[in-house]
C-alpha cells in the first residue's frame, strides 16, 4: 500500500522532502499493556500509566519475535510505558536507545487519566467527538489529532534522515496511527481507520526519495505462539 499509487515505484508521498542515503526499513511496535489500558482510562501524554506485568511479557514476546532481525538503531517515546517496552526489546544490543519527543503520545488535556465511562458522563460532547470524530476534537483552539499529523511527519524525518538502513521504533497507539496514516498519505479524518494492538508490529519500506510502502500492519502472531519474524 502507498499513499497515492498501487506500486512502490510510483509512490507519491515523500516524508523527507529530499533524497536519503539509502532505502530504509522501519519496524513500528506499540508498547505493551499499561496500567491505564487495563483500567480503561484515557491515556494521552501522561507519564503515570506504567507497563504492567502482562505488558512486560508482551514486550518480551516482541523481543523474541524480532531476535533474528538486525536493527541499526532503536527510537522510542520517552514516556514510561513506551520507554520500558523499548528497554525490554533492546536489551543485549550495543547501541544506545534514542528517545524522541516527536514520538510522544497526543496530549488529551482534561480527559487524560479519566476512566472512559466517567469521561463520557462528565464531558459527553468532548468525549463523543474524541471517539467518533477525533480530527475535530478541540480544546482551547488546539486540535490534538491534527497536531499529531505534524508531529508524526517530524518523527519520520528524524528517523529516516538518521544513519543506518533498518530501524526499530517503539511508541503509542495514537502517534502510531498518525505515523502510519502520514506515510500512506491519509488525512486526520482517517485516524480511527487504523488500529494497532499492544505489542502489535508494523513494517514500512522507504525508497531513496523517502516514499513509503507498507509491508505489514499490526502483526500479532507472536502474541499467541513462538513465531519469529524474518522479513
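Cβ from N, Cα, C; glycine included.
Residues or ranges marked as substrate binding site in TrEMBL: 30, 31, 32, 33, 34, 35, 36, 37, 81. Positions annotated as active site, tele-phosphohistidine intermediate by TrEMBL: 31. Here TrEMBL flags 105 as active site, proton donor/acceptor.
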Counting other Cβ atoms within 10 Å, pick out the least crowded of the recorded positions 30, 31, 81.
30
Within its own chain, what residues at least 6 apart in sequence put their Cβ under 8 Å from the Cβ of residue 32 (substrate binding site), listed in sequence order?
51, 52, 54, 55, 56, 57, 58, 59, 62, 81, 84, 85, 88, 198, 199
One should report the C-alpha separation between residue 31 (active site, tele-phosphohistidine intermediate) and residue 105 (active site, proton donor/acceptor), rounded to whole angstrom, as 11
Which residues in the same chain, at least 6 apart in sequence, have a Cβ under 8 Å from the Cβ of the residue listed as 'active site, proton donor/acceptor'?
43, 44, 45, 77, 79, 82, 171, 172, 173, 174, 175
Among 30, 31, 32, 33, 34, 35, 36, 37, 81, recorded substrate binders, what is the largest CA to CA distance in Å?
15
Count of other CB atoms lying within 10 Å of the CB belonging to residue 36 (substrate binding site):
21
Counting only residues 6+ apart in the same chain, whose Cβ is under 8 Å from the Cβ of residue 34 (substrate binding site)?
43, 49, 50, 51, 52, 55, 81, 198
